[in-house]
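This report concerns only the one structure given below.
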Amino acid sequence: MTAQPTDDVAVALRGVRFSYDNGATWALDGVDLTVRTGERVCIVGPNGSGKSTLSRIVAGLAAPDAGTVTVLGERVFDGDAGPDPDAYRRARRGIGAVFQNPEDQLVTTVVEDDVAFGPENLGIAHDDIGRRIAEALQAVDMTESRAADPTVMSGGQQQRIAIAGTMAMHPAMVVFDEPTAMLDGAARAEVMAVLDSLQARGVTIVHITHHADETLRADRVIRMESRRIVSEGRPRRDDAARAASADQPRPHSDGGDEPQPDSEPIIAVEHVFFTYPGQTSPVIDDLSLNIARGETVALMGHNGAGKTTLARLLCALERPDVGSITVAGVPVALARGNRSDTVRERRSGAAGTGHVRKPRMASRTQRRALRRHVGYVMQHPERQLFADTVAQDVAYGPRNQGLPEAAVREHVEWALQLLRIGHLADRSPFALSGGQQRLAAIAGVLACRPDVLIMDEPTAGLDARASARIHDLVRTLRAQGVTVLVITHSAAEAAAMGARIIAMGQPPHTQSARTGAEGSGPLGTLDPRVKMVTFLVLMFTAFAISNAWQLGLAAALAAGIIAVGRLNPLRLLAAVRLILSMLVVMGLLNLFFARGGDVLAAWGPLTITTGGVQTAALYTLRFALVIVLGAVMMETTTPTALTDAIGSLLSPLRRFGVHTQEIALVLSLALRFLPTLAREAHAVIDAQSARGGDIETGSPAKRLRALTAIVVPVFAGTLRHADNLALALDARCYEEGAHRTHWRRMRVRRRDLLFITVAVLYLFALMALPMP
């Protein structure tokens, strides 16, 4: 049963105005809004109408420039007095916020720790935090994943974790800003079920959305246009129901033409398998398909079904485990050996043991040809923009094709006019809205005049008008004979583009990835303070090793630690192979330049002696031991546990005014987001490669110059993540210097004392061995 709204007011805005540029333009201009306690309100409207800005003000995450704002009984902003920080602080303790991109809302690498973060900031008692974690995860059906790493989950799972983190704070009101924009139908249904549950509990809900069917359960629908509220009323249930029905997958859309049997396929995929590193089940399992020249195809399927992976395989940005791929006459991947035997061995798991040879990939010359024929618009357009202006960015691909400047300008003007964004030519792509960035990214690909265009969810987050522009574009390209492959979650969109639908299979059913500590045996359960200090002692004392006996003892200790930690030695070595390779090079230098002992060989000024060999081996193996021990510690300790340990060890410095809690949080966030920023940089590199950049096929000097082009977009991405993270911390009520409780309690137990004892005995044995 749905709880009925009351007459109490949860939100009251009067005459609210907001500007991002000190009043030069207004993002909100004279907004009046009242939301009753327990009411479920949907806010709709075109891109740029001010919906997200309004959601931040309602959530207490931004203060307006004019008007009055009252939230949960607190007058947080008054036009005359300005913002009231104390009132904002009190109001935010009862408000939750969930944003479009769930990845930036996750602050830790363990699900239960992330859910606990908000209650910790509220000062909730330890036992109560445990109950809230259990209740919140059960509400979003993620109980079995409480020890998993949320950063490697699908978008739908991450969004449910973000919602659980909000629910654990027991908010009176939750603001959702397009939480389903990047999700498939099943994941959207999961999120909407959670909203229904919150509504039944009497929680006030403010929901920003572009999906008409998501307004069906709302008490009111408010429409915004041109920075103002223009209408409000009950949801139009007939329209919402039609929208929901239209998005149900169908075998083929009404407007699509079936490829003729004798049609020449421009895309051919034969028995392709692909498994991501560290996974056991293939995300693409024996896939075969043909797409005819000039055909428009919509690729559909659940999140995690392999749609984006297939797009990357077609663009030679990933390498399949097995199978052949041909695109526009270019052999992107060519299977080795007998096809039936290879498929049979792959199904039996032999590929995972290296018994099946991976396909031969396209050469540099073939990849250059592929880039001339295939255009790829990625899912996140902001990662595909890297020039100073839109015009320069659009010109990047044509210039890489070696076209004269006059032809480059012609291609740029044609693409900008086709997307109707000529007025943005001199603007910085990083200053555009999300919708404008998406159109600029598409223009940059179209300027290359590809024969095949692959677009990954090109209308995600766009309003109906902008989406219709993309649909018109696809139909125009189809009339020009361009083959278009569109990844989408909407069957209605496929029909609007006149596309044939290819449905990808169900995503592989695998257990949620556990954290490193979860599967690392006794090492993962050690007190992180004890583990950190002990490992650091072992690593530093390794530099004192001076003979083979000591080296053998240290190697035996390292092998024992790896065995107790139940770690895969080969996987561990693979993780540090780059550093180990550098150590080998350093060892070779010692081999030639260290003197002592008998001469073994000499080439002019270069002499190899027995002393040089011993020194090279000792230095190399000693440093390798330090690296391996460090890798074991990081593999068996979550970033959260690591930062908790550092915060605890530094806690005595608080009496001297050192903000140890903030230092620990910054370290935790750095460890959490470094992989995210690495993926951002890799995505920009892929974007350059997909548009024929020198970073993939150029000379070493050209590749180095091309790498400099990623600095600006990666820096812009860092700022974007930092801004989103700051909002997430505010939404979870984190305050500098405020008292926090802790879900993770650290205490020294017998196993920790045993570990210390083993380390001490090792040190005594190390000193007792004969010195040289």
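For all residues, glycine too, the Cβ spot is worked out from N, Cα and C.
The feature domain 'ABC transporter' is assigned by TrEMBL to 11-251 (among others).
Taken from TrEMBL, the feature compositional bias 'Basic and acidic residues' covers 229-241 (among others).
Look at TrEMBL and you will find 229-263 (among others) tagged as region 'Disordered'.
Annotated domain 'ABC transporter' per TrEMBL: 267-531 (among others), in sequence order.
Per TrEMBL, compositional bias 'Basic and acidic residues' is recorded for 339-348 (among others).
The region 'Disordered' feature in TrEMBL is assigned to 339-363 (among others).
Taken from TrEMBL, the feature transmembrane segment covers 532-565 (among others).
According to TrEMBL, the transmembrane segment annotation covers 572-593 (among others).
What TrEMBL lists as transmembrane segment is 613-632 (among others). Beyond the ends of the transmembrane segment (613-632), by six or more residues, the same chain brings 523, 535, 538-539, 542-543, 545-547, 551, 554-555, 558, 561-562, 565, 567, 572-573, 575-576, 579-580, 583-584, 586-588, 590-591, 594, 596-597, 600 to within a C-beta distance below 8 angstroms of the stretch.
What TrEMBL records for 753-771 (among others) is transmembrane segment. Tertiary proximity for the transmembrane segment (753-771) is limited to same-chain residues at least six positions away from its ends with a CB under 8 Å from its CB atoms, namely 526, 530-531, 534, 537-538, 541, 544-547, 549-550, 553-554, 557.
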Practice task
Could you tell me what the rest of the chain brings near the transmembrane segment (572-593), counting residues at least six beyond its ends with Cβ under 8 Å?
Solution key: 562, 606-608, 612-613, 615-617, 619-620, 623-624, 627-628, 631-632, 635
Handout entry: Mean per-residue pLDDT computed across the domain 'ABC transporter' (267-531)
Key = 84
